[in-house]
Amino acid sequence: MFYQDPFDVIIIGGGHAGTEAAMAAARMGQQTLLLTHNIDTLGQMSCNPAIGGIGKGHLVKEVDALGGLMAKAIDQAGIQFRILNASKGPAVRATRAQADRVLYRQAVRTALENQPNLMIFQQAVEDLIVENDRVVGAVTQMGLKFRAKAVVLTVGTFLDGKIHIGLDNYSGGRAGDPPSIPLSRRLRELPLRVSRLKTGTPPRIDARTIDFSVLAQQHGDNPMPVFSFMGNASQHPQQVPCYITHTNEKTHDVIRNNLDRSPMYAGVIEGIGPRYCPSIEDKVMRFADRNQHQIFLEPEGLTSNEIYPNGISTSLPFDVQMQIVRSMQGMENAKIVRPGYAIEYDFFDPRDLKPTLESKFIHGLFFAGQINGTTGYEEAAAQGLLAGLNAARLSADKERWAPARSQAYLGVLVDDLCTLGTKEPYRMFTSRAEYRLMLREDNADLRLTEMGRELGLVDDERWARFNEKLENIERERQRLKSTWVTPSAESADEVNAHLTTPLSREASGEDLLRRPEMTYAQLTSLAAFAPALEDEQAAEQVEIQVKYEGYIARQQDEIEKQLRNENTLLPATLDYRQVSGLSNEVIAKLNDHKPASIGQASRISGVTPAAISILLVWLKKQGMLRRSA
């Protein structure tokens with residue numbers, strides 16, 4: 001039977017991608033349905049209890065700048081906040097927070113349940129309704145049919161999921177949840193390329209059985225950072241420390257002696273695991289010269305006794321897991337409350353997607369999260385927001401949107417996936433972005449909030465705060481430009497006390513701030529340049545914009561040159577065998593990837609600059625050379 005009311009957008013799956021997709025579509029005014037197998041696990045942190053980190057924190061800030069949920073949720077649930085790379089330049093600084101799993105899940109569910117235009121329904125989805133290569137709805141396990149103009153798949157590791165502990169395995173979407181086998185079979189019937197990936201999680205430890213007195217503590221930062229541009233530290237719950245222990249030779253011997261019982265090394269697992277979050281088995285074998293590995297003992301929440309031992313993800317048998325855990329300092333009497341495991345699951349080749357995350361083959365069908373080959377809550381959330389907003393725009397018959405690589409880490413993420421694909425779980429790093437000086441955490445709102453407002457994602461409160469911040473930045477920069485001090489002035493001595501080279505000529509506040517030894521706080525503590533801005537976010541922007549002005553201008557020039565290639569479009573139906581002068585390898589790769597632009601084509605491995613030149617000449621001769629607006 002059909003549900004009585006049609007929807008504009010259906011989201012299938014209630015993890016980090018699904019919740020952002022649902023919130024985005026509903027915020028844009030579209031009637032949105034979120035289908036989940038269990039309402040109680042909306043926003044569940046299936047693996048590590050943390051948000052952010054290098055590259056990942058940048059994505060969270062971008063999601064927030066577009067009006068998303070993740071940053072707000074972690075500000076309400078974070079029990080330890082830190083700035084990573086705090087001593088380095090602003091481009092690579094990143095925020096990370098330990099999370100209370102229960103508080104995080106509660107924050108997400110509360111936001112969803114209070115979002116207008118959004119209905120949540122608990123039923124597993126077993127089928128899609130596809131008519132003439134166009135998705136028009138979904139079917140649940142009890143045969144209930146829902147119609148919609150667009151469908152977003154955010155099903156995580158549930159598609160034909162298989163859990164491995166030692167040489168034993170069983171079907172599961174994650175521990176305690178069933179897999180989605182009928183939907184997996186249905187998707188395999190569609191013209192989509194599918195493969196298998198693997199991820200894993202460590203055993204959870206009873207905190208009452210750990211001797212923390214012999215372990216080093218790791219505390220959060222003070223003052224505490226915040227994730228959301230709309231947040232403040234007063235929202236944070238009680239803060240707690242993490243602890244550090246290490247593996248040792250005994251640990252490594254236990255692992256080496258039991259590799260024949262590892263499903264990975266016994267050939268039972270075929271899926272490829274994450275390169276940058278390897279299992280402890282992989283670490284011991286790949287880094288055989290290391291006699292120890294650092295392990296972070298992270299609390300799972302303020303009301304939980306469970307500890308997440310970050311660094312010992314494993315699928316070895318339970319008895320071996322016990323030996324591994326008890327071989328480490330402070331853990332000699334530790335008890336495991338949940339075993340570690342590996343999980344294999346289906347993912348679909350993201351090269352079959354447009355940069356909007358819509359399928360190239362099924363109109364109105366969008367993919368986001370681990371189904372696209374990524375790993376991590378943050379990568380999933382960013383994709384979910386993009387897929388949700390584009391599903392909403394499709395249902396409203398509006399032009400879709402995707403950020404450029406020069407505009408956002410989300411743009412880098414989507415371009416990497418859709419252009420290059422992935423053979424292993426993809427994780428975001430700052431090193432993946434060629435314009436990372438422009439793509440900082442601190443300016444995510446300056447880069448994206450205006451676009452978010454145009455798209456209908458940003459509410460009035462955020463928009464007003466954003467404009468207030470812009471005005472504060474502009475006003476303060478003008479004040480510093482127009483405030484001067486001369487070497488003969490009475491205030492010169494106070495200024496010189498902060499300089500390595502005394503003033504030799506008249507200088508403005510901006511001139512002084514450009515000096516590496518002068519901070520904004522120091523400058524505005526001087527009588528001649530006081531007072532400091534009360535708006536701390538605006539003050540941070542003033543300092544960064546002034547100090548890095550020359551570098552930023554050079555990078556902007558590079559971006560403008562690159563945009564000429566990005567905006568040179570390639571026909572979707574072009575058969576590259578027609579282009580004389582291209583090698584067979586280049587022809588095969590271009591026909592396989594079907595790049596949307598010269599810029600995308602240039603990033604395909606094996607497509608040389610010479611091949612790009614040949615292609616540009618051919619397009620011009622054929623009268624097919626055109627650029628997007």
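Note: Cβ is positioned from N, Cα and C throughout, glycine not excepted.
What you are looking at is a predicted structure, and each value in this text was computed from that prediction instead of being measured.
Secondary structure at Ala17 (FAD binding site), as computed by DSSP, is helix. Counting every protein chain shown, the Cβ of Ala17 (FAD binding site) has 34 other Cβ atoms within 10 Å. The FAD binding site annotation in Swiss-Prot covers Gly13, Gly14, Gly15, His16, Ala17, Gly18, Val125, Ser180, Gln370.
Classification of Met285 (NAD(+) binding site) by DSSP places it within a helix. Sequence annotations record features per position, and here Swiss-Prot assigns NAD(+) binding site to 273-287 based on sequence analysis.
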* Give the helix, strand or coil assignment DSSP yields for Arg275 (NAD(+) binding site). => coil
* Between Lys283 (NAD(+) binding site) and Gln370 (FAD binding site), what C-alpha distance do you get in Å? -> 23
* **DSSP three-state assignment (helix, strand or coil) for Gln370 (FAD binding site)** => helix
* Whole-number Å value of the largest CA-CA distance among Gly13, Gly14, Gly15, His16, Ala17, Gly18, Val125, Ser180, Gln370, listed as FAD-binding -> 18
* What Cα-Cα separation, expressed in whole Å, is found between Ala17 (FAD binding site) and Cys277 (NAD(+) binding site)? -> 20
* What is the number of other Cβ atoms found within 10 Å of the Cβ of Gly273 (NAD(+) binding site)? -> 21
* Long-range Cβ environment of Ser279 (NAD(+) binding site), under 8 Å and at least 6 residues apart -> Gly200, Met264, Gly273, Ser313, Thr314, Ser315, Ala342
* Asked: Using a Cβ-Cβ cut-off under 8 angstroms and a sequence gap of six or more, which residues of the chain neighbour Cys277 (NAD(+) binding site)?
  -> Thr199, Ser313, Thr375, Pro425, Arg427
* Asked: What's the CA-CA gap between Arg275 (NAD(+) binding site) and Gly15 (FAD binding site) in angstrom, rounded?
  -> 23
